[in-house]
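What TrEMBL says about this protein:
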BINDING   T43, V193  pyruvate binding site
ACT_SITE  Y128  active site, proton donor/acceptor
ACT_SITE  K153  active site, schiff-base intermediate with substrate
Amino acid sequence: MAEIIVPILTPFKGNKIDKEILKEHASSLLKAGVDRIFVNGTTGMGPALSREEKETTLRAVMEVTEKVIFQIGGLNMDDVKYLAKLAKDLSVKTVASYAPYYFTGLPRWLIIKYFKEICEIHDEVYLYNYPSAVGKDVDAETVSEIGCIKGVKDTNDSINHSLQYKKIPNMKVFNGADTLVMTAISTGLDGTVSAAANFVPDVLVNIRERVLKADIGSAMRLQFMVDELVSTAKGFGYIPSIYVLTKELMGYDVGEPRPVLFPLNESQSMELLNKTREIFEKYSWSKK
Ligand SMILES: O=C(O)C(=O)C[C@H](O)[C@H](O)COP(=O)(O)O
């Protein structure tokens, strides 16, 4: 069955990671039907975390579950290798990394070397491919050349782009776009990695159930609702909005994002929540 993987938000209180909130949120999402927790992804503000903070989030989530993908990418290879070794020592099943970002024009050999060095330390490495953020597309041909990648999370609006990785034998492939949850589940990918799973895990689980029952029409309607929720949230700033939506919809405090991703102010939060309620009413959706 296609997996629903959540790139879990990182809860901050006073700019410090709140481990207890993170554990509660991870536990609550698993209870809601999420299959694995992706730690230190984009939604988790991975690039804004120090090496020590990436270790903190991992250890906290590992107290709740072993169903973890540990994102270790960064621009200091010593830190990346330290985190890969930590994952091995803690028996973390899967690590993931985006390609080196910000530095443009990196040649193919350098990208390949980056991932091969991680594979020398850990035996289950996923590529987190996010071309619009990283500035380079680590495509299926490059993944084949790297030779040791076991899975790909492809944040891409093109499902065809994600499907190309499936031509590599035994490759696990997930799509990371919130707008392609239903498509990822129904086109033979291995699942979705959806930031929206932080605040509407029940909806994503419902989409999967309806696809499995071949009730594509109603699955599509739920997908359109998710599209509107996400598009509305992006209007205020997606990641800061996720904290507001998660608190409201999951019913517990999840702290705040870390500046530079400044939290929404009171009036922005109210406006977002009012628009969100209107969308739920439009689709006659109510939490069970
Ligand atoms: O957060 C993560 O680590 C994810 O895997 C999910 C997506 O990569 C991000 O939500 C970015 O998606 P966009 O906002 O559509 O660019």
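Our numbering is plain: 1 for the first residue shown, then up by one each step along the chain.
Placement of Cβ uses the backbone N, Cα and C atoms for every residue, glycine included.
Sequence features, as recorded in TrEMBL, placed on the structure.
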{"residue": "T43", "record": "pyruvate binding site", "Cβ within 10 Å": "23"}
{"residue": "Y128", "record": "active site, proton donor/acceptor", "Cβ within 10 Å": "29"}
{"residue": "K153", "record": "active site, schiff-base intermediate with substrate", "Cβ within 10 Å": "29"}
{"residue": "V193", "record": "pyruvate binding site", "Cβ within 10 Å": "29"}
Item checked: recorded positions whose CB lies under 6 angstroms from ligand 1, from T43, Y128, V193 -> T43, V193
Check: Where does V193 (pyruvate binding site) sit in DSSP terms: helix, strand, or coil?
Finding: strand
Notebook entry, point to check: Out of T43, K153, V193, the recorded positions in the record, which is closest to the residue listed as 'active site, proton donor/acceptor' when you go by Cα distance?
Noted result: K153
Item checked: Coarse DSSP state, helix versus strand versus coil, of T43 (pyruvate binding site) -> coil
Check: Where K153 (active site, schiff-base intermediate with substrate) and T43 (pyruvate binding site) are concerned, what is their Cα separation in Å, rounded?
Finding: 14
Item checked: Conformational class of Y128 (active site, proton donor/acceptor) under the three-state DSSP mapping -> strand
